[in-house]
Amino acid sequence: MMPLSRSRLEFIATILQNVLNLGLLTLGLILVVFLGKETVHLADALFAPEQASKYELVEGLVIYFLYFEFIALIVKYFKSGLHFPLRYFVYIGITAIVRLIIVDHKTPMDVLLYSAAILLLVITLWLCNSNRLRRE
């Protein structure tokens, strides 16, 4: 097999980058549709008289924020020169674990472990935002 020239490698990288960008754009549009559906679901849960609907409302709010954070991550990717900032993934991780605590809080040990994971992610976020590691 012959080695590829530098211009061909750059062409391949450009094609793959464009496929990635198109995929992320499509994912962003799908997430916007899901965000709209979640808005309708939240409105239904808000005006439902049952007590169980209040738990659905809280769970739906956290899911809403997850959609919102993923859309913000995609927007940030395109605005920052095709780069995913690490701290946005940490924000999404924290929100996902909070949702897990709200939805699945069966044993105190699980809640304690989830809380420790959140603490670890907050420490990671603090380190990422410190002057030594800050890129922006």
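Each Cβ is built from the backbone N, Cα and C atoms, and glycine gets one as well.
Note that the structure is a prediction, hence the values are computed from the model and not measured.
With respect to the membrane, Leu42 and His105 are annotated on the same face, judging by the topological domain names in Swiss-Prot.
Tertiary neighbourhood of the topological domain 'Periplasmic' (36-54): same-chain residues 60-61, 63-64, 67, selected by CB-CB distance under 8 Å and a gap of 6+ residues from either end. Model confidence over the topological domain 'Cytoplasmic' (76-82) is summarised by a mean pLDDT of 90.
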